[in-house]
Structures are given as C-alpha cells and as structure tokens.
C-alpha cells in the first residue's frame, strides 16, 4: 500500500462519528424544554455546525499525522499521502462559509417572529447584476497572490569520484569553495511572482478575515476572562449558609425585581404590537434580556446560600465541591492562557522568534508517545474556541450593542444555540489560521500551512494585515486590558442593581 496509512483513515472515521454523537448529546442536554420534539431543521444545523467546527480543529493534527507518511521521502511530492488534506480543507471551509452566511441566518429567521426567509430572498435577489459585477471586480483586483521569489543559479561541476562535505565545504567543488553560488545571489535578484488564487482559496481567505476580527476581539478578551472568571467566582463564593430571615429578605427583593422586569417586558411587547420597533425599543429589549440573565444568576446564588429540602447538607457540600472545581480549572486555564500569550509574543511578535516554545513542547511530547503531542496541540486549539465564547459572553453582559446568547444546561433557546454555533464556525477558520501560524514549526509542510501561511499571507490587499501582525497585536492588547480589569475589579462582589427602568 506504499505510504498509505490505513490506521489514520480508521481513526479519522471513528473520530468523526464520535464528534457527531457528542454534539447530539450536547444538543439534547442543553436545549430548552420548549424546543423538544420540534425545530428539527435548526437542530440539524446546530449538530452539523458544531461537528464541522470540531472536525476542522482536529483536521490540523490529522494534517500533521498525514505528513508523517513523507518523513522518509526526499521531498513531499515523492510519496503518496493517505488523505487529500488540501481538498478536505477547502471543502470543509466552503461548507463552513455556507453555514455561517446563509444557512444559520435562515434558520434563525425561521425561529423568529419576523420572516427571515423573506429577508434572505431580498438581499439575495436585489440588484443581482450589480452584485455580480462588484464580486467580479473584487476578485480581479484583490484575488491575486504575490509571492516574493529570488532567482538562484550556480555553476556546473564535474561529478566527483568521492564526496567530502563539512561545515567548511558545503558544496561540490574544488578547494576554497565555501559557499554554493546559489546562496550568494544578489538582493537585486528578488522579484514578485503573481498568480491568481483559486475561488475556494479566495472564499476561505475572506471568511478568515471576517473571523479574525471577531477572534481578535472575543478571543483576546476571553483568553483572560475564561480562567480569571472561574478563579474570582471561587473568591466571591458564599462562605456559609444564610439564615431563614436573610433568605426571606433577599427573596422578597428579587421578587420585586422580577415584577419590575415583567412590567418592562409587557411594555415592550405592547410597543412591538403597535409596530414601533425603533432603536430605543431594541436597546430596551437588550437591557431587559441582560437584567433577566442577572436575575437568574441572583436566584441561583440565593438557592446556593440557603439549600432546602431533605438533602440540604448534601447540596451545600456539592456547592463547595463545585467552587473548588472552578478554582482548579481556573488555575489550569490560567496556565494555558499565560502559555498562549507568552508563545504569541516570543514566537510571532519577535522577529526572528526568540524560541519555538510550544512547538518544542509538542515535539517532545510526541517523542514520549505518538499521540501525546497531537492531543496537546488539539487542546490548545480548542481552548482558543472556548475563549472566543467566553469573551462574547463577557462583552455581551457589559456592552449594550452586543446581544447576549447564554448557553445553559437544559435552558438554551434554539436561536442562542444557532448564534453561538455561527460564532464558533466563523472563528474556527481564524483559529486554524492562527494555530497554523503559531505552531508553524510543529505543523510544517502541511496542507493547512500551504493555504493559510503561504497563499493567505500573500493575497493582495490582505497580506499586510498578517505582515504587520495586526490581529496578533490586537489579541495581546485586549488580553492585557482584560487581565488588568479583572485584577482591579474581578475580586469585588457584585452590588445589587437599583430599580430597573426603560430608557426614554
């Protein structure tokens, strides 16, 4: 079978099946009771989207393993690869773009009172000819790849009867030859080789740019707030069970807050029925949604501080264990976050890189056990996706113009599911590009590196964003600001909000 690795094919099939089963499990356990036994199309989109996102992350370790078939070949083209990874990458990311920009908005529109289908038909059918011309012009101007190349040449020499290479004798030739002629080419031999990018590669590039903007913002915030949120949650934990009188007092205040929110929600529904849904209405609606989420958190915190029923002591013990688990996970997450930030600085922002850092760690783990480095590599990539979701959640709670879509066990509405799946899919492309660049030493000569590190970073009009590390710098700056914010304010207990009123 030559270089064909049957075990890799079997592992790839088994992993894909397990990913789909796990995502079905997540859907069943996270969905809201109101969505049971209905909304089958959005549920299919959720499972498909989560599966595509997870598989795309796992494809990079698979790409590395696929290249192992060429480890004994003189050059990569001299062997037969097990999997056609470049074709698989393009297929997965075109499907990713279709889900993000077409299928998920359509599914969200079906789940809302407004007709999302008509909206999509409107934007898809209006001014078709102008859209075609604009797209063709964009591809003509920007859809080219500029590679900087250098012309190299060397003189010919007679085939020697013996080989004598050393640090001082690097080439075939007589005594006194210390360097090949091709190595001493003048700087003027550099030129630009322009070629047109294929349409699939161009689609992947544009989707990567869109995802990189969100990834830099949400990922930079989330890489800090994900572990620190867990740690400070432990610091702000309830230290003891409150008395019954305290419980009644707090429950009464929460009841008043609930009535205020119900009154505000009724007023907004009345405005909606009257057709006055302007900017003020949308702002008030988002404010009510966030206040409802905070109210639910207050209710859960109150139930933790005053467990009731026959198993009250057991419930309190489980609460303590839960906060201890948050502390442990927070500390481990903080180590991973610091490792990520340090790796970005010393390997990506410093030129030349100060150290391969995590690349060497993965290689040494592979030496210990074949799959250990691959597993660690996949974990670091998945951690970035978790950071994106955590960052979107944090900013959604604090910024009015960002709609919050919380994921709750047994209480996640389908539209929130679809929104988060769309966010994960859009950012997963950028995570892969980010990881293929950050771990270029470990993932060298892979199909992903060919697409993201060669074609994407040489695409006309886009390459400067990567040449000057715009997204990496934004990521580090936002991560630093979030660290400072949590160090200054994260340890404080949340003060109860005052009377809630709609903005006039």
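Heads up, the Cβ atoms here are built off N, Cα and C, so glycines get one too.
Between the listed ranges 168-201, 202-235, 236-269, TrEMBL ties the annotation transmembrane segment to 202-235. Looking at 88-108, 109-129, the range annotated in TrEMBL as transmembrane segment turns out to be 88-108. Looking at 303-326, 327-350, the range tied to transmembrane segment in TrEMBL is 327-350.
When the stretches 7-28, 40-62, 202-235, 470-489 are ranked by Cβ pairs under 8 Å to the transmembrane segment (417-443), first place goes to 40-62. Between the transmembrane segment (7-28) and the stretches 40-62, 88-108, 327-350, Cβ pairs under 8 Å are most numerous for 40-62. Contact counts against the transmembrane segment (470-489), taken as Cβ pairs under 8 Å, peak for 327-350 among the stretches 40-62, 327-350, 370-397. The stretch in closest packing with the transmembrane segment (370-397), judged by the count of Cβ pairs under 8 Å and taken from 40-62, 88-108, 327-350, is 40-62. Outside the transmembrane segment (88-108) by six or more residues, the chain places 41-42, 45, 48-49, 52-53, 55-56, 59, 63, 116-117, 120, 200-201, 203-204, 207, 415, 418-419, 421-422, 425-426, 428-429, 447-448, 451 with a CB less than 8 A from a CB of the stretch. Taken together, the residues in the coiled coil (251-305) have a mean pLDDT of 82 on the 0 to 100 scale.
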